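Trainee: Grabbed the feature section from TrEMBL, which reads as follows:
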{"type": "BINDING", "residues": "A:His124, A:His129, A:His164, A:Cys165, A:His175, A:Met180, A:His336", "note": "Cu cation binding site"}
{"type": "DOMAIN", "residues": "A:77-189", "note": "domain 'Plastocyanin-like'"}
{"type": "DOMAIN", "residues": "A:206-353", "note": "domain 'Plastocyanin-like'"}
{"type": "SIGNAL", "residues": "A:1-21", "note": "signal peptide"}
Amino acid sequence: MLTRRAALMGAAGAVSLPIFARAAKAEEALTPAAAPADLSKLKRIRRELVAPPFVHEHEQVAPGEPRIVEFEMTIVEKEIQVDDGAYLQGMTFNGSIPGPMMVVHQDDYVELTLINPPQNMLQHNIDFHAATGALGGGALTLVNPGEKTVLRFKATRPGTFVYHCAPGGPMIPWHVVAGMVGSIMVLPRDGLKDHEGRRVSYDRVYYIGENEFYIPKDEAGVYKRYGDVGESYLDTLEVMNGLVPSHVVFNGKVGALTGDNALKAAVGEKVLFVHSQGNRDSRPHLIGGHGDLVWEAGKFNNVPDRDLETWFIRGGSAGAALYEFLQPGVYAYVNHNLIEAVNLGATAHVVVAGDWNNDLMEQVVAPTEMTGI
Amino acid sequence: MKTILLVPLLAAVGALGLGAIPDGAPPFAPPQTVTVAAGEVSWRPLGNFSQEGKARTPRRVVLAVPGFEIMKHQVSRDQYSTCVAAGACAAVPAVGGSLPQTQVNWQDATAFAAWYSELTKQAWRLPTEAEWQLAAAERYGDAAADAGARDPGERMLSAYANGVFLRGSAGSAPRPAGGYGENSLGVADMGGNIWEWTDGCMVNGRLAADGTVVQSDPYCGVRIAGGRHRAAVIDFVRDASVGGCAVGLPPDHLGFRLVRDAGAPDRNGPAVW
Ligand SMILES: [Cu+2]
């Protein structure tokens, strides 16, 4: 039996414009469009995206006038193992779940080349929450397999924002929960500022994209596996509509940011954690640490909250939290719905090197047997 | 997902001799059909077209469509369930009764056509887009942005306004066969609240300065459903009611009716789309 992909390719060759078509009368006059924006004097810089949790090289303070920042992303449809015995027919921006984080400065122009290679089966596009108009660019970027498009938008608002695929109708939630979501950080031109307007910087930035998956099970309760992404749709839709995820994960799979892949930091380092969730609410918490400065909604024109224990990420947004590590050891960065953290997967680890501070915490009596009580 | 291909099956049927008397008892009374005489439609493909890098809507062209025979009514739930019972069609959520079959995707519809063709030894298939447009007559609708609309905002507003206008006052529940009456050709329920799958594919391409198509490629992962406003729907979607035509203007239900070819089916004929 032919795969859907082969059937599609076969069908594609059979269609052509009949020769007896002739142009209708000129009933619809073409009017001129608005003149394209003249950005010829702006400098261009090309950024190579890297897979999360890492973020491409960038300046925290803009080095001069606004620039056109070029990015390129290729959409990859592929099966991804998200846990032992659990496979997702994934759809990805640039091969990773979440898609890579882009960083620009306010008033820069983001120029994205979006590629949908012929090996893919489905149409995709991109909706930037940071952009203004045309459904965040979604209305201008729908690409079939074998097509590419270039979108440019001005990053007018500073903050962390989600981008996601939104190719119309019931495809929208499905593509998002299949992995097509990422984030962009638009930094203020003069960098981040604390609650008193003083400049703050970070030593490291980690992008933690949270995704929830809805993987169907068979009658025996075993996760089903599918030949291709189209084949997984109808079953997945049924699970999705129940709103009960099978997995809630950081960086695309259970354990993606633990063990060998744990995040690294050192005592005295300030780490910016950017956390996105494209579809569902989350509540990040750093076990044993805090959020020194937290832009819960992610938007840097707002005064950051201080000293938070847990912060809220609205579904469809990205937030940012800055924390200076004060103690060495292993920290768990979790979604503090602990069922989701522990049982469904939403846990990352941060391994922090340095010297212990007994003033902050000291073990007075190690757990011992309760004798003589 | 079951992938049943129409073309090879039809070819096999052709080899057995089309128009032969069915050997088994028919599972349901032969559907009433309407013969649509050859005619012309004011046609434009549905998809993404660009002109000098910007999205544009193609200018309409006059397209000649040969005559054909089409079911007067949409395929009913009872008829479809016979195919499901025979193991040739996928079970779908909407079941039972004489209502038109809805919640079928393009693959379900083509599987039904293949099964029914084999059963009756006749060549049943989904209509081409141009055939559907001709059969819909005055009920045909297309919510594409006007060809004159240039900037993205104008294009979105134009498509939305066209869709809202075409949508009129369609109710949400499917009506029994005939519930939307007949059009001027005697075809029932065209342009009601059930959109009908066609064999047409979404098309992408480039336009010349006069708005005519100079280059195009079909993308058949998305098929065209005819209705109050044409909709481009992914072929495995059974319920597009949360989106489809333009922003916020989805088809209410997805159903289908078939065309019967008199002679040997010629899949390479002119009006494949
Ligand atoms: Cu997508």
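Cβ atoms here come from the backbone N, Cα and C positions, even for glycine.
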Trainee: Measuring Cβ to any atom of ligand 1 with a strict under-6 Å cutoff, which of the binding-site residues A:His124, A:His129, A:Cys165, A:His175, A:Met180, A:His336 qualify?
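Mentor: If the test is a Cβ under 6 Å from any atom of ligand 1, the answer is A:His124, A:Cys165, A:His175, A:Met180.
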Trainee: How many neighbouring Cβ atoms, not counting its own, are there within 10 Å of the Cβ of A:His129 (Cu cation binding site)?
Mentor: 20
Trainee: Inside 10 Å of the Cβ of A:His175 (Cu cation binding site), count up the other Cβ atoms and send me the figure.
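Mentor: Cβ-Cβ neighbours of A:His175 (Cu cation binding site) within 10 Å number 25.
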Trainee: Give the sequence-ordered list of residues that share a chain with A:Cys165 (Cu cation binding site), lie 6 or more positions from it, and have CB atoms under 8 Å from its CB.
Mentor: A:Ile75, A:Met91, A:Phe93, A:His124, A:Asn125, A:Ile126, A:Asp127, A:Ile172, A:His175, A:Val176, A:Met180, A:Val181
Trainee: Write out the long-range same-chain contacts of A:His336 (Cu cation binding site), meaning residues 6 or more apart in sequence whose Cβ is under 8 Å from its Cβ.
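Mentor: Listed in sequence order: A:Arg283, A:Pro284, A:His285, A:Thr310.
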Trainee: A:Met180 (Cu cation binding site) has how many other Cβ neighbours within 10 Å of its own Cβ?
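Mentor: Its Cβ has 30 other Cβ atoms within 10 Å.
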Trainee: Around A:His164 (Cu cation binding site), how many other CB atoms lie within 10 A of its CB?
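Mentor: Taking every protein chain into account, the count is 27.
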Trainee: Give me the DSSP three-state residue breakdown of the domain 'Plastocyanin-like' (A:206-353), ordered helix, strand, coil.
Mentor: 21 helix, 64 strand, 63 coil
Trainee: Mind giving me a neighbour count for A:His124 (Cu cation binding site)? Other Cβ atoms within 10 Å of its Cβ, every protein chain shown.
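Mentor: The answer is 25 other Cβ atoms.
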Trainee: Do you know the mean pLDDT across the domain 'Plastocyanin-like' (A:77-189)?
Mentor: 96
Trainee: What does the DSSP secondary structure composition of the domain 'Plastocyanin-like' (A:77-189) look like, as residue counts for helix, strand and coil?
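Mentor: Result for the domain 'Plastocyanin-like' (A:77-189), in helix, strand, coil order: 14 helix, 53 strand, 46 coil.
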